[in-house]
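Trainee: First the structure, then my questions, so here it is.
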Amino acid sequence: MKIVLFGPPGAGKGTQAKSISNRYSIPHISTGDIFRKNISENTPLGVEAKKYIDKGQLVPDEVTINMVKDRLQEEDCQNGYLLDGFPRTVFQAESLHDFLQERNEVLDTALLIQVPGEFILERMTGRRVCPSCGASYHIKFNPPLEKGKCDVCGSDVIQRKDDSEETVQERLTVYENQTQPLIEFYKKEGLLEVVDGTQAINEVFESICDILGSE
Ligand code: ADP
Ligand code: ADP
Ligand code: ZN
């Protein structure tokens, strides 16, 4: 199964992606997580990506697309994958389409987690993430079992630098201008599915499983 997951920052992509990846046994590929790993390791890719991420802007398409193409050619992607946060521009979506077409492959579903703007700020400023395993928590809506510690791996959770109020506003604008056009793109391809991301976390997951089926 090959799935694209998209939606505004804070829609719950990362949260749902972990559950989808477990349920359907496909790797969770988050471009944001790959960039952050490169930033923490101070690689050339990380140094380049940081310039944009800290400002809430998108990393240039060329850099992002090459990184994803490399990742999709790894062994564990043979039976499918879940792309979280990619594509984020129509150009990225077209590149993914061409990449798949060259291999006689197709996407199964482009899943939009829809959450209106007024929910986003509270979600983002209350978000805490695990720097080791990428798990995402919320101080109010989804706190870790032990305060400040990741449920999965026990590391101290942190607040992302780009989850400040000012950067969140910029990321929302970027979403509206550059990522929302994907809705039309995937509608035309006949792949678009939409879930209501304002439901509780487990309800969103149930809605997603209804769409993806029992494969
Ligand atoms: P994204 O990857 O789309 O940016 P996350 O999965 O990191 O979003 O979720 C953003 C924040 O909102 C996190 O703090 C997360 O715990 C919280 N969250 C995710 N889904 C829900 C939900 N359905 N209801 C309330 N809070 C949620
Ligand atoms: P969120 O979970 O809040 O949607 P991500 O972790 O997916 O955020 O992404 C964090 C940042 O990484 C983005 O604001 C952007 O700067 C960069 N990024 C992630 N994915 C992409 C992409 N497909 N294209 C360009 N930049 C990206
Ligand atoms: Zn963890």
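Using the three backbone atoms N, Cα and C, a Cβ is placed for every residue, glycine included.
Annotations in TrEMBL come from automatic prediction, not curation.
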Trainee: Which of these, Arg36, Arg127, does TrEMBL say binds ATP at the same site as Gly10, Ala11, Gly12, Lys13, Gly14, Thr15, Ser136, Tyr137, Gln199?
Mentor: Arg127
Trainee: Taking TrEMBL at its word that Thr31, Arg36, Gln57, Leu58, Val59, Gly85, Phe86, Pro87, Arg88, Gln92, Arg171 bind AMP, choose the one of Arg103, Arg123, Arg160 listed for that site.
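Mentor: Candidate in the recorded AMP site: Arg160.
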Trainee: Need the DSSP three-state call for Gly14 (ATP binding site) to compare against my parser.
Mentor: helix
Trainee: So if I draw a 10 Å sphere around the Cβ of Arg160 (AMP binding site), how many other Cβ atoms end up inside it?
Mentor: 16
Trainee: Summarise the region 'LID' (126-163) as counts of helix, strand and coil residues per DSSP.
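Mentor: Per-class counts: 3 helix, 10 strand, 25 coil.
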Trainee: Please go through the binding-site residues Gly10, Thr31, Gln57, Val59 one by one and keep those whose C-beta falls under 6 A from any atom of ligand 1; give the result in sequence order.
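Mentor: Listed by sequence, the hits are Gly10.
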Trainee: Which binding-site residues, if any, among Thr31, Phe86, Arg127, Arg160 have a Cβ under 6 Å from ligand 2, given in order along the chain?
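Mentor: List returned for ligand 2: Thr31, Phe86.
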Trainee: Check the binding-site residues Gly14, Gln57, Val59, Cys153 for any whose Cβ is under 6 angstroms from an atom of ligand 3, and report them in sequence order.
Mentor: Cys153
